[in-house]
Amino acid sequence: MIKNHFTFQKLNGITPYIWTIFFILPFYFIWKSSSTFVIIVGIILTLLFFSVYRFAFVSKGWTIYLWGFLLIGISTASITLFSYIYFAFFIAYFIGNIKERVPFHILYYVHLISAAVAANFSLVLKKEFFLTQIPFVVITLISAILLPFSIKSRKERERLEEKLEDANERIAELVKLEERQRIARDLHDTLGQKLSLIGLKSDLARKLIYKDPEQAARELKSVQQTARTSLNEVRKIVSSMKGIRLKDELINIKQILEAADIMFIYEEEKWPENISLLNENILSMCLKEAVTNVVKHSQAKTCRVDIQQLWKEVVITVSDDGTFKGEENSFSKGHGLLGMRERLEFANGSLHIDTENGTKLTMAIPNNSK
């Protein structure tokens, strides 16, 4: 199987293109040559190097060796002919982006040996132009030694972070699935029998309504009591779920509004204390839905959130300075507001909508649902 050793576009962005801008520098060294033939050869080698360099970054399989050795050969020739060692920076960066261990080490050591031999050859010949660059030559060789490992380490860390993020998302999905299955089991075990009982008693009351009205009334009263018990058990099950806290949701909506370039205004007052987890969870979901509507539909510049703890209820107000075209009745039926109203009414809460001077949603829910 042929493997991709690295992905140029995804992992590197425009960085290699920025590096390519520096292709002008080799021409300075080429013009220092006295021979026209050598100058022509130098120009060809420089243009060839950057062309190969681009292809090397999108190579895969065995071609990575072909382009890698060709780059090293051009760099070695440039050191020998023009005392230009700085192609080593480009090659070191290229090698550092190789994912696979074997080609990384092969090209790394071949590059180091060839660069060191070519530099030593120029040093032995005592080329004057090369000797004036000795401090920069040393820096370049040190970079050629360290840079590939530094880049490879950073790329490995980025890949591990991506894998970790994917794993966390998968775990979160599995947790949600397990939670759904648990809730389904609890609802089945808790409500299945009672709903069957309600159905049987309702059917019995229907048959007795003319024959024995008093017995039918008793059966209907029993149905009513069973329904209330079932509702309380549903609320207990929902309350036992891992809820969304209001403070966490405030952080989330702040990030959402900032990303949409909408000013978020919130002045923290006395935080609600006497509120059940179920009611807090319902308010958090409604708050998220309300802010999502602001971002998607209002074209607002500012969004204000107020949370008040009253004697009998907690009130959250979400207001914006956006515009809404249409009637309030049609507005209240769309944009997820029907679901918000149903959630709040489930906990004996309420939703009020005002579309004058922007949009204002007022959500109220009892301190403790009964």
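Numbering starts at 1 and runs along the chain as displayed.
Glycine residues also receive a Cβ, built from the backbone N, Cα and C atoms like all the rest.
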Same-side flag (membrane), S35 vs E128, source Swiss-Prot: no
Mean per-residue pLDDT computed across the topological domain 'Cytoplasmic' (150-370): 80
Intrachain residues whose Cβ lies under 8 Å of the transmembrane segment (129-149), provided they are six or more past its termini: 29, 32, 83, 85-86, 88-89, 91-93, 95-96, 104, 108, 111-112, 115-116, 119, 122-123
Residues of the topological domain 'Extracellular' (125-128) by DSSP state, where helix covers H, G and I: 1 helix, 0 strand, 3 coil
